[in-house]
């Protein structure tokens, strides 16, 4: 036995006991004839005290320890002279009579402290050292606790975890697949799943009724900041349900997590149609921790000779309450923000009300009462600053959404310890893709249209709404799903709309369409982005710090150096050759 | 709401209630003016009764249903006239006043009954239908329950589930890797993990102390019967432990499972050295549900002029108690069995004692007292049949192991509802590979030698024993692991012994060896084959029936038709081309 207790366990009532501890040297302080060593493990930190007078041998040995040495000590627990109320073990210390160095350590390339001096690349290369730091350790502990609570909740409702295959078939729909060459079947490839979508639907056809899995998924996409080529989903599916059953069940899941993990009780989730989300927030995943809803001004701002507004398809504003004191410079800074190419607004108009009355950047085009009408519609009261964008509808909404989020951040309205979940409903079934000149499934090709909209499938596909729903938390989509098509004919029609030939549909999804011929039940489901959910519950928006061994923005694992070239022999066995390999 | 109750829920106390059920039509029986329909879901079967006299419309509709139709009914629960005590819902039936067909079904290609008429290929192609059958459904439910119990047990001991990456680096050690070409890095490849071995060791270096994961692993090996290219492991690692800690912890896990899942209490697991296992059973995973231990006869059977024995390196026997009545034909059949090429014994000698006294196949070479001495050593009492093999040591032991298992099966001694777990310990660290002419790690290169044997590493590597252990259940290895090397120098020496150049070791495992420089704790772990464990607890030895969507013996998923060719465009994006593709 290497230890009798962990380094987080000893309290005053252990006083006088002989204990054995093992762990890492966190800190060494020499105070004259006493050397204090803090020893750390996953469970906490305990102070060891070595006294020169009573035990010169161990005192000398302790003075030769370095940071991150792995040690084992046996000694007596005693009450500390000066207690540390910030440490659970702060009432006691251990006076060791034996000290054994289990392993030495070189000086780590960065400090193993809550705030470290290591850069991103270095910390990823030495991830095993970075993971020793409390923030990362706590993130992974949180991830574990959330995973277990997800399992507990779903188990209590009769869901069962069923493992689906990782070596599946490549489908051209959706994002790019990672593929795996087959050695046994030359020229053939498996694909890694982007999600277990078709398998979970087949499990419903098979009668499993309630399925879940916390499962790795893969997408070979160009990596944006904070995207990972492999990510984890909480994947769920239910049979014999309507949309309302799914909303209740999974709203319950997130409510359970907020309660168990954060100690927060939230009421029923608000619901918003996709159309309203776009109208009020310019975005299908609004952050409703703060207001600043869009106010459309077309009817009262256009037609008075101000060209910027008159020529715009849409004039729309947000009211930044209490920001009337913004200086010229501050407003110019906002102007610059919205003009950035990735946002692309042409400019920014404003209006404010303060002790000097109502003032705007377009005073000269309007009478005071016309200005007052705008102010009234946007509820510009004393101290408020109205920020107005004008331009083509879709682009302007998107830009104002960005500005709203920017202002929310600036004004401290996006509080990481506040949780405002929301359902967004009634998504369009299809979206038109200019590039390919055809309809794409907004969710995926298995999403069912709303029954009352089915008659529009031929005449006006773009206006058909789907039985689809997203769960949004603090401005992030954390989950999304739909009620599926379970009728072969409707599924076939859907593939036709999406431009699949019958042959192609059969080749790619024949097994699913065949399955629908043998008694498919009504079913639907949802998938949560587990990495994102954990990060949000951890009060962050970057997922990388919540994954044990993440890849960098180029999809590279800097610690193990992957991907990397493989042997020529391996390539031959797999019946492939490389083209212009990078060396 | 599609239903108020499941098909397994209604009892006599629901009598008189109006209920709504949904499920699949299992069976239709027409008895004059009544039609009975059994409706099935995951939870059970409920009988519906349609009466021609009182509800002609629904009666007619019911008569048009087919097997596996998906229906929804609303009706009143009533007590049955003739109860079915074999069915939990057998006291009641539902008399529907509405019947809705949710989906029709073609006639399934095989019967959805406990005993089906479908062949293997057909059942794999229509796996979603095969999974509707009780045996498979129950297997997956069992798998789920075992997984949850594993999590509950490990959670209670402070283990945490940490996800490790699937896109890692290819290593030439061990089995063949599946690889994944990188699109972003031309000519570079990820590999899919054969196990999270190095990552779990890094998690110990990172201080996570107790790790587990129920995780998919991949091996691109030539598929023997009942091997899958992707399989699931319960992967565990602990820091600050010695072998005894691991044995206690994971013996506890399997004891917990046997108790919770099978209701069986087992005592402390027996322990056997590898050497004893080979000596007494000719095998490192003996089935100890039955005796029939090997009896070595060299000292009393050799040297009397019987060439077969005299020229053999080893003469060794098993005593098949009660088989003295075996006929000539039966013994010939055993002879044929051991002569099969995959077993390869030259022949089979025998000795038996019955009412006519002692008789053997080699009587003429021995005096009665010499024969009696053999009989005495092998404890051949009245009614026993001794089966003897002779030949080169290793091959003969292996052949006798096969014969022992064959006899155990024949005599009904391998009872599927009996569980005899066992630890096999003290494995050799290394084994000599004739083909490559070098030492191979018997476990893996990170396994530590026993401290008392380290001095033999240079002089006699083959005799060094490892801190390695296998858990064996009913003749199957269900888990294996070791105490790891945590010293950089020893790890380096190990790689040298295994014929790695320093450069190669650095290239492949540099990150692990570097990690060992920064305070690696003593650690060790174990991995269980989850598929096998579940199959054994389910009373079977074939894993395929315990996996939702398995592949066939050619690594092919017959349902989705994977692997399959991919588009030329996809290949180009991945910077690879295929060589002699199969069409």
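Each Cβ is built from the backbone N, Cα and C atoms, and glycine gets one as well.
As written in TrEMBL, here are the features:
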- A:173, A:219, A:443, A:484: L-aspartate binding site (BINDING)
- A:219, A:220, A:221, A:228, A:477, A:529, A:530, A:531, A:532: ATP binding site (BINDING)
- A:150-550: domain 'Aminoacyl-transfer RNA synthetases class-II family profile' (DOMAIN)
- A:197-200: region 'Aspartate' (REGION)
Worksheet item: Where does residue A:219 (L-aspartate binding site) sit by DSSP, helix, strand or coil?
Response: coil
Worksheet item: At the level of the C-alpha atoms, what whole-angstrom distance separates residue A:532 (ATP binding site) and residue A:484 (L-aspartate binding site)?
Response: 25
Worksheet item: Out of A:219, A:443, A:484, A:532, which of the binding-site residues is least crowded by other Cβ atoms within 10 Å?
Response: A:219
Response to the item:
What DSSP reports for the region 'Aspartate' (A:197-200) is 4 helix, 0 strand, 0 coil
Item to complete: Would you mind checking how many other C-beta atoms are within 10 angstroms of the C-beta on residue A:530 (ATP binding site)?
Response: 27
Worksheet, complete the sentence: Quick note, residue A:219 (L-aspartate binding site) and residue A:477 (ATP binding site): C-alpha atoms separated, nearest Å, by 18
Response to the item:
Among the binding-site residues listed as A:221, A:477, A:530, the Cα nearest the Cα of residue A:484 (L-aspartate binding site) belongs to A:477
Fill in: Coarse DSSP state, helix versus strand versus coil, of residue A:532 (ATP binding site)
helix
Fill in: Largest inter-residue Cα distance among A:219, A:220, A:221, A:228, A:477, A:529, A:530, A:531, A:532 [record-listed ATP binders, Å]
20
Worksheet entry | residue A:443 (L-aspartate binding site) and residue A:477 (ATP binding site), Cα-Cα, nearest whole angstrom | 13
Worksheet item: Using Cα coordinates, what distance in whole Å links residue A:443 (L-aspartate binding site) and residue A:221 (ATP binding site)?
Response: 17
Response to the item:
Counting across all protein chains, other CB atoms within 10 angstroms of the CB of residue A:221 (ATP binding site) number 14
Worksheet, complete the sentence: A correct count of other C-beta atoms within 10 Å of the C-beta of residue A:477 (ATP binding site) gives 15
